[in-house]
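J.: First the structure, which I've put down as structure tokens, then a few questions once you've had a look.
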Ligand SMILES: [Zn+2]
């Protein structure tokens with residue numbers, strides 16, 4: 001206990017010396033911080049927050065721990081695999097730093113369980129997410145709540161920390177982001193519910209490594225190591241006392257069959273089973289049949305050649321493969337790779353410039369995409385996508401986790417958000433403003449909000465008792481009466497049209513038209529989520545209905561100039 005007090009006192013003494021005031025120590029002690037995401041960057045941030053003396057920290061994370069997390073998400077151990085990240089992180093940190101009081105929610109940050117009031121209890125939000133959609137959401141909700149948000153990101157050797165106070169600094173929505181090729185994809189997305197063809201390509205590359213490569217713990221399929229070719233080969237040797245050694249072709253066919261059956265039939269069948277009793281809302285999977293597999297085993301040798309596949313991969317206009325062709329090419333490539341492995345008896349590395357490797361990944365990703373109803377890519381495009389996938393590095397996460405907590409401390413010591421800097425980490429040193437030297441972490445002046453940004457300029461905050469106010473009152477008294485908007489339409493992000501201005505005398509044809517006259521906002525579940533309001537002159541607004549018991553309807557534009 002004495003040691004613990006000593007540790008804590010040392011921390012506060014350090015902060016006092018660093019910032020030259022006792023006030024900062026008090027602020028740190030009392031500030032509630034929301035950390036969204038406890039993955040690679042989030043684990044670092046949480047540890048730094050606790051060891052900087054923060055007491056009240058709330059975690060929100062939706063994901064479970066997988067083997068591939070363990071090499072860099074140091075709060076988790078192998079016995080934690082399968083458990084919720086938020087819960088394990090909370091327990092570990094409270095043990096390490098007994099002065100901290102961490103609370104945790106296992107949930108999607110976009111859930112309506114987190115109303116605006118929930119966000120308002122925090123002094124700042126640190127966003128350590130791995131996907132664009134959730135970041136946009138947190139950016140938006142922090143703008144509605146007018147809470148500073150510290151956005152973090154890490155990709156390979158690059159990383160950034162961006163302090164944001166929408167309305168006074170550039171926000172996450174200000175500049176459209178380029179296609180996020182390098183976003184870390186959650187493991188469950190790769191394993192059980194791919195949403196895009198890129199997820200299928202990444203899965204296919206991991207599969208290549210499981211079978212032939214250097215199987216690292218960071219591979220989301222690393223628990224399939226029984227399917228490493230070296231194991232399968234030694235397995236067949238030990239079982240083959242009665243077999244002749246010259247049955248190479250049998251061994252090839254048997255191995256192909258085993259691998260195909262496991263990854264394209266058995267695994268998909270168990271996902272299909274899983275979706276029956278979980279939240280996975282998949283339509284029926286298209287799973288190849290055993291007959292299809294048997295046909296392929298017989299036919300492929302005469303049908304394909306490396307030269308032809310090579311010609312094909314150079315043609316950007318080639319059509320995507322049918323599942324029959326993908327099935328055949330997969331078996332063809334698998335046989336080629338098995339031979340190559342047998343000759344070299346060493347691991348094979350995926351190389352997008354090697355025709356067989358590329359065709360293997362194209363075929364596997366096509367079969368996977370087809371199964372999940374996703375449009376596959378041809379081998380020309382797969383090569384482009386495969387070359388851009390960048391690994392997550394623990395050192396980058398550690399640097400970003402350090403910089404963001406230091407930025408937070410600077411903010412709490414009295415620097416307004418707009419006087420902080422964006423921090424960029426790059427592999428190549430960049431010149432520092434006002435210095436003669438170069439650094440790998442360089443400060444970048446925070447810019448003002450972009451003129452066209454809806455989040456920074458056109459937010460409508462509505463407060464009312466959602467259980468009493470009808471949707472029509474919100475439209476008529478709020479948007480038309482108080483804000484003088486007319487004509488306009490209102491919709492949720494899921495595409496539900498709440499209201500459309502009447503066109504001439506035609507009655508509104510939306511299913512909601514009769515409901516909105518009589519039903520309350522709460523009955524239609526429209527409160528505590530962002531809504532789109534589009535007026536007929538083409539100006540977009542975002543609106544948020546904040547529920548407060550017994551409060552009269554008020555509507556305001558947040559950033560009124
Ligand atoms: Zn903005």
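A Cβ is built for glycine as well, from the same backbone N, Cα and C atoms used for every other residue.
Here's the feature list from TrEMBL:
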- 188: active site, glycyl thioester intermediate (ACT_SITE)
- 37-42, 61, 69-72, 85, 130-135: ATP binding site (BINDING)
- 171, 174, 453, 456: Zn(2+) binding site (BINDING)
- 25-422: domain 'THIF-type NAD/FAD binding fold' (DOMAIN)
J.: Residues near the Zn(2+) site, 171, 174, 453, 456 excluded, by Cβ within 8 Å of the Cβ center?
T.: 166, 170, 172, 173, 449, 450, 454, 455, 457
J.: Between residue 71 (ATP binding site) and residue 174 (Zn(2+) binding site), find the distance joining the two CA atoms and give it rounded to the nearest Å.
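T.: About 34 Å separates the two Cα atoms.
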J.: Are there any residues in the same chain, six or more apart in sequence, whose C-beta is under 8 angstroms from the C-beta of residue 456 (Zn(2+) binding site), and if so which?
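T.: Non-local contacts for residue 456 (Zn(2+) binding site): 143, 166, 167, 170, 171, 173, 174, 449, 450, 559.
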J.: In terms of DSSP three-state secondary structure, what is the assignment for residue 61 (ATP binding site)?
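T.: The residue in question, residue 61 (ATP binding site), is strand (DSSP, three-state).
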J.: Give me the Cα-Cα distance between residue 37 (ATP binding site) and the residue listed as 'active site, glycyl thioester intermediate', rounded to a whole Å.
T.: 15
J.: Where ligand 1 binds, which of the recorded positions 130, 188, 453 are close by, with Cβ under 6 Å?
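T.: Passing the 6 Å Cβ check against ligand 1: 453.
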J.: In this predicted model, what is the average pLDDT of the domain 'THIF-type NAD/FAD binding fold' (25-422)?
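T.: Averaged over the domain 'THIF-type NAD/FAD binding fold' (25-422), the predicted model reaches a pLDDT of 87.
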J.: Roughly how many angstrom lie between the C-alpha atoms of residue 188 (active site, glycyl thioester intermediate) and residue 130 (ATP binding site)?
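T.: About 13 Å separate the Cα atoms of these two residues.
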J.: So of 171, 174, 188, 453, which of the recorded positions has the fewest other Cβ atoms within 10 Å around its own Cβ?
T.: 188
